[in-house]
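Copied over from TrEMBL:
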- 134-162: region 'Disordered' (REGION)
- 200-241: repeat 'WD' (REPEAT)
- 242-283: repeat 'WD' (REPEAT)
- 284-325: repeat 'WD' (REPEAT)
- 326-367: repeat 'WD' (REPEAT)
- 409-449: repeat 'WD' (REPEAT)
Amino acid sequence: MVEEVQKHSVHTLVFRSLKRTHDMFVADNGKPVPLDEESHKRKMAIKLRNEYGPVLHMPTSKENLKEKVPQSASDSYGHKQYPANQVGQEVEYLVTGTHPYPPGPGVALTADTKIQRMPSESAAQSLAVALPASQARADANRPVPAGGEYRHPGASDRSQPAGAVVMEGGNAKNSALMAKKAPTMPKPQWHPPWKLYRVISGHLGWVRCIAVEPGNQWFVTGSADRTIKIWDLASGKLKLSLTGHISTVRGVIVSTRSPYLFSCGEDKQVKCWDLEYNKVIRHYHGHLSAVYGLDLHPTIDVLVTCSRDSTARIWDVRTKASVHTLSGHTNAVATVRCQAAEPQIITGSHDTTIRLWDLVAGKTRVTLTNHKKSVRAVVLHPRHYTFASGSPDNIKQWKFPDGSFIQNLSGHNAIINTLTVNSDGVLVSGADNGTMHLWDWRTGYNFQRVHAAVQPGSLDSESGIFACAFDQSESRLLTAEADKTIKVYKEDDTATEETHPVSWKPEIIKRKRF
């Protein structure tokens, strides 16, 4: 009961105080009476103290650094003011940086060990950002901003403070403060152009796949005429024809671990050929539709195939057992690649995705969804821990193991059927319209474009590249084409950097995620 009476008394006092304040400024007619100058000053002093008191001691610009503070230290009500500084003292501008941090891992942060302190202006000048000479000259010529306010040294779009010392070759402490520039494409490595020097005929249908044997003596091709042909690499002459597939042969590969040749086709069959007897010794049954590609694991006896049934399958070469069925793609799987490092299997599909697989578990590690159209080609760099994928939208480069995006290689505006790369960093993309582009792997610079004429007697519409591969010496490039031929290219020995210069400008890179 006592508490209720007290609350009522407080509320009554507050109401009467507000009523009295209101009556002071309202005339009989209900209109507000204008405040006199003294009252206005009192109200402003109260507002300054209540709202801006915590920041009144901070200087607003360099022009105010040496201002003297007026003598008045209290307002007319007797409340203490918040002056910019004590009377007769100069304001020292404090340059703030990062929070205090210890000099190394495991060191306790104390007053003696902390690195970042509150330096004076002279110390701020000694901590000036280390900029290149060209940037320093540009900053020296830049006009001082209006108002002379202090700008933090470091950001490229801000002015350097007046009188700041620019150091050449900064140390580790100020390297974090260096101005960030827009990334520019480095100058690409010069590569000699490639020229056509041999056309090999013999197939009666589109040549769909090609592979070079590890000894570099011969190469093998598969065709829509349902045959597999083996050719002498040096002379280009036919050595052997293998028959057994009942539809287009879509993939061939020669083992580095045994004298075996593996092939697959649109007849759903996967075959293992013994090259000592030139006969099929194993079949791998399981795919429900056309088999579009295959690859061998480099260190274990495992074969991986991909199919139009939206799956890839892992096979034990010797027992013919299907170890895993890699499910997850929602459309035909067009290409598959294996490597010894994780992830050991990479697939590209017509569902526009790329999947990186865990070989042991038989499950997807990463799914890359950046492409907008079908991914028909994937290639792994022989030396770097990177790979590239080809699609009609563009060619993309990625970094293992998680598929981090590196860059786009744009310009080959066609359906890209095949990709190959050599250890010198020459990436080759072959397309459905018969064009072939050659790129510098590191920078993505397109240094050559080739469109070879079709074989005499063929239609111009039969211009298309289905597969390409470098030989083991990487001195010859072989392409399998729609005009039923195999074309062989080699580097132009007469070309120099003067005769074929790199038409390159340091343009700003526009890296797109998609």
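Cβ atoms are placed via backbone N, Cα and C, with glycine included.
Just so you know, TrEMBL annotations never went through curation; they're auto-generated.
Since this is a predicted model, take the numbers as computed values, not measurements.
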Completion exercise
Near the repeat 'WD' (409-449) in space but 6 or more residues beyond its ends, with Cβ under 8 Å, are 185-191, 193-194, 376-384, 388-392, 394-397, 463-470, 474, 477, 479, 481-482, 502, 504
Fill in the blank from the handout: For the repeat 'WD' (326-367), the distant same-chain contacts (Cβ-Cβ under 8 Å, at least six residues beyond its ends) come to 289, 292-299, 302, 304-314, 373-380, 385, 387, 389, 391, 398, 400-403
Exercise for the section: Could you tell me the mean pLDDT over the repeat 'WD' (284-325), as a whole number? Expected result: 97
Exercise for the section: With DSSP as the yardstick, break the repeat 'WD' (409-449) down into helix, strand and coil residue counts. Expected result: 0 helix, 23 strand, 18 coil
Handout entry: DSSP-assigned states of the repeat 'WD' (284-325) in counts, ordered helix, strand, coil
Key = 0 helix, 21 strand, 21 coil
